[in-house]
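Peer 1: From Swiss-Prot, here are the annotated features:
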BINDING   HIS83, HIS85, HIS250, ASP324  Zn(2+) binding site
BINDING   HIS83, HIS85, HIS250, ASP324  Fe(3+) binding site
BINDING   ARG92, TYR155, HIS188, GLN253, SER329  4-imidazolone-5-propanoate binding site
BINDING   TYR155, ASN326, GLY328  N-formimidoyl-L-glutamate binding site
Amino acid sequence: MSGTTLLIHDLEAAVSPKGSGPLRGRDLGELEVCSPASIAVSGDRIAAVGPPGEVLRDHPPGPGCETVDGRGKAALPGLVDCHTHAAFLGDRADEFELRCRGAGYEEIHASGGGILSTVRATRAGSEEELRAATERHLDWLLRHGTTTAEVKSGYGLDREAELRLLRAIRAAGDAHPVDVRPTFLGAHTVPPEFSGAAEYVEFVVAEVLPEAAPLAEAADVFVERGSFEVPEARRYLEACAGYGLALRLHADQFSERGAVPLAVELGARSADHLESTGGEGVRALGQSATAAVLLPACALFLGLPDPPARALLEAGAIVALATDFNPGSSFCSSLPVVLNLACTRLGLSPAEALCAATANAAYVLGLEGEVGRLSAGYRADILLLDAPDWRYIAYHLGGDHLAAVVKSGGLLPPG
């Protein structure tokens, strides 16, 4: 009896990053394109991708196998959003209007708005309200083809609220088709009840981290003026590493503060943002295993300089893309929009952008070999595009060409 449980047949093309592991530097954008193609799925895994005749011969559909007609469609790996703040309550529409009238993001933050505005709204919510809101935000991500997403805490900033957030993130992930990887962003900014960053970090390390660590897979810190400098970030990250958490850093968003050298020194999985990163930081990332996660929707939303994507690639860096979805500085839940911005503003090709939001984003989350490619043995997370060319996912700004989503081998219902 055949083990094939889903057969997607006669696709125009199946498109996937080449090889295994992250694609560095100029290798970003190396694709395997099979045209025409069929994909056989067994359970939650891809069994084969190849010419239709070969796939049908080697993986014939058995009793109960679901079949999908792929004619006129292209298959891509499910997108991986490796940097989101999707667990929050409230919004910051009023602040958006203030910025439209000329107020700066840092100015709003310094006056008690920004992150702290969302902290107040999030602290006031119940765990059930947070779970429901996170699931709603995951719906938005999935609608645009994201099948795996990192979700950070960081809008609680006290013991009970941070733990409540992490529990809500995990509960939302358990209930939702999108695979959720939780990150403890205990050092997002300093809440007003603390006198300074050093005092707050000691509180987090002593009172929050021991209970937060089992609920998370990674830890993150915002290294920036007005938030945390390198000494506090080092203290926090080294403590988190002691609990086995992978390390992430918000780095060089508004100014260079030494975050990139710290990320490389500590072997962090990623340094994210990098709008202000100079030549030394670019070279350091190019020689390291720390990925550069670029967030062009945030740069656009705040009117910041674009991160140095091509310089990072020329230096040999591992470049990934993400939405930075959050209510204040990047209210964007669409990775295809980010792919377009990566092409039009950062100078990436559509192939480079696709690889950065699949294989390399999977690497950031420690999921290389699991998601981000259409290859035998990988999880069967597959997007079907109804478009003349697979590049429409980046080319058509705001377009809606997603015909179907397969998640862990199951065809999801429309919408």
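Cβ from N, Cα, C; glycine included.
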Peer 1: Among the binding-site residues listed here, ARG92, HIS250, whose Cβ has the fewest other Cβ atoms inside 10 Å?
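Peer 2: Lowest Cβ count within 10 Å among the binding-site residues (ARG92, HIS250) is ARG92.
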Peer 1: If I restrict to non-local contacts, at least six residues apart, and a C-beta distance under 8 angstroms, what lies near HIS83 (Zn(2+) binding site) in its own chain?
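Peer 2: In sequence order, GLU150, LYS152, SER270, ASP272, VAL293, LEU295, ALA322, THR323, ASP324, VAL364 meet the Cβ cut-off.
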Peer 1: Of HIS85, ARG92, TYR155, HIS188, which is closest to GLY328 (N-formimidoyl-L-glutamate binding site) if I measure between C-alpha atoms? They're all binding-site residues.
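Peer 2: That would be ARG92, nearest by Cα distance.
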Peer 1: Can you tell me which of the binding-site residues HIS85, HIS250, ASN326 is spatially closest to ARG92 (4-imidazolone-5-propanoate binding site)? Compare CA atoms only.
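Peer 2: Minimum Cα distance from ARG92 (4-imidazolone-5-propanoate binding site) across HIS85, HIS250, ASN326 lands on ASN326.
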Peer 1: Could you state the CA-to-CA distance between HIS188 (4-imidazolone-5-propanoate binding site) and HIS85 (Zn(2+) binding site) to the nearest Å?
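Peer 2: Distance between the two Cα atoms comes out at 11 Å.
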Peer 1: Please give the 4-imidazolone-5-propanoate site's span as the largest CA-CA distance among ARG92, TYR155, HIS188, GLN253, SER329, to the nearest whole angstrom.
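Peer 2: Binding-site diameter by Cα atoms for 4-imidazolone-5-propanoate: 20 Å.
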Peer 1: Reduce the DSSP letter at SER329 (4-imidazolone-5-propanoate binding site) to three states and note it down.
Peer 2: coil
Peer 1: What is the total of other Cβ atoms whose distance to the Cβ of HIS188 (4-imidazolone-5-propanoate binding site) is within 10 Å?
Peer 2: 24
Peer 1: Check the binding-site residues GLN253, ASN326 for other C-beta atoms within 10 angstroms of each C-beta and report the one with the most.
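Peer 2: Counting Cβ neighbours within 10 Å, the top one is GLN253.
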Peer 1: Given a separation of at least six residues and a C-beta threshold under 8 Å, show me what packs close to SER329 (4-imidazolone-5-propanoate binding site) in the same chain.
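Peer 2: Listed in sequence order: TYR105, CYS298, PHE301, LEU302.
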Peer 1: Can you name the binding-site residues among HIS85, HIS250, GLN253 whose CA is within 10 A of the CA of ASN326 (N-formimidoyl-L-glutamate binding site)?
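Peer 2: Final answer, ordered: HIS85.
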Peer 1: Can you list the residues of the same chain, besides TYR155, ASN326, GLY328, whose Cβ falls within 8 Å of the N-formimidoyl-L-glutamate site's Cβ centroid?
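Peer 2: Here the nearby residues are HIS85, PHE88, ARG92, ILE115, THR118, GLY154, PRO327, SER329.
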